[in-house]
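According to Swiss-Prot, the protein has these features:
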TOPO_DOM  1-520  topological domain 'Cytoplasmic'
DOMAIN    122-451  domain 'SAC'
REGION    452-587  region 'Essential for phosphatidylinositol-4-phosphate phosphatase activity'
MOD_RES   456  N6-acetyllysine
TRANSMEM  521-541  transmembrane segment
TOPO_DOM  542-548  topological domain 'Lumenal'
TRANSMEM  549-569  transmembrane segment
TOPO_DOM  570-587  topological domain 'Cytoplasmic'
């Protein structure tokens, strides 16, 4: 078994050092961080000075370097999600960011302002819901991956053995990672969604668990991170695992989602739906092959379910994806194109059964992972469904929940929980739990990528589309529009800073946060507001003749509308764009 991370910790603070004391039974270790030299050493409890200010903490997230120097990030509150095979799983709910420096007197005014902004970015990421950890169980690996490991792997610390794709505090833990003797203080933290339920069908009790692991490679927000990078990492890549634990038997079904794996972008420009751009110069096949080579190594066979529209602005993406699969010619990859919106228009969501019937035989071939109560592997999952739409959120989640239910039906029948001929959909109590969990999963993934809850969750929760659901989709769509255009630059910068895609250099002569604005940025909105206001005033305060009033209204109306279209034409100058890391522009 892996060396567990310490669960109970105390933080002792003095002006010169941070002392992190392990309080687990039998533990005598104390991690010492020198606030001046930043040196990390290991000591024993008797070395903690009695004058130190003491407080309990629940984990070390890591350290980060900002303009003012280093900061220590610790978990101060946690909430128990449940237990996975008798291992407690926690959600971190609050953090504290502690400066190594005692004063900021060494900083200039500009540096002070930059440091304040960087701290706001760090706190923004920490405020995002969905950070999970366990001090005794490896949450970053699927059941199947954990079953195929060597004895040496099982002896490693949680940090050493973790799948680095899903360790969101990997950059913050880089200093602790370099010193194996302190690894029990280093807590790998996953970002995504976890829910656990104790369920009963036919008087038989089993645990049902849903885990979504969000990749920290090519992570970001909706419109600024699309497609793949040169290493083949896809934007918004999420591995979702559904686990059943019954009478010592363990079963799991794994699916993935990720952006269409070619080089494309969709930069916000004030339009409701910016036109996606496919690069004309990038080597798509190189990135595409890198992506699927790694996917096949990790997961096996790939069944791609592409849910984008087959007309309009999404059509070129679907055609390019299909052509890339055909050109690659791999027997390990199968491609299914399903125009979700066309097939399900007019709220005909029952037509999703067409897709399920189409892939049923493939799903049976891929199977699922099952290990019996004696620890013997009964079946392996030989591949995954890789689903995507444009955002890999709303349409994708609907399909994933249906595929997962079909797999769960087979698992529960094999384990003897369901009788022969019994349908999972007929188990009202469990069905309610199942649908709500998948809807919550959809909302979590959507908030982390798009900034709002998911669309279409009324179908996931109830099995049908509702008028209230359509209204909520409209509200979330408007909220997404605002965030994607006017706050996502800051969100993207925050993620890049947290993950180490950008490193702060306090000696940098020019502040990266200082971006000069064109005259249009201030002048055009003011002109539009003034013109629109004058138009309203002219309507309310009629002139001597109706022709005079009409002339004034037309003049100011044309001025306001004209200015609006000029702003729309120059939309990219008005959106909140990232400042720290230059994102690809494929225009």
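Including glycine, each Cβ sits where the backbone N, Cα and C put it.
With a cut-off of 8 Å between Cβ atoms, none of the residues of this chain six or more beyond the topological domain 'Lumenal' (542-548) come close.
Beyond the transmembrane segment (521-541), the same-chain residues lying 6 or more positions past its ends with a Cβ under 8 Å from any Cβ of the stretch are 549, 552-553, 556-557, 559-560, 563-564, 566-567, 570, 573-574.
For the region 'Essential for phosphatidylinositol-4-phosphate phosphatase activity' (452-587), residue counts in helix, strand and coil come to 87 helix, 0 strand, 49 coil, using DSSP. Around the Cβ of residue 456 (N6-acetyllysine), the number of neighbouring Cβ atoms within 10 Å comes to 23.
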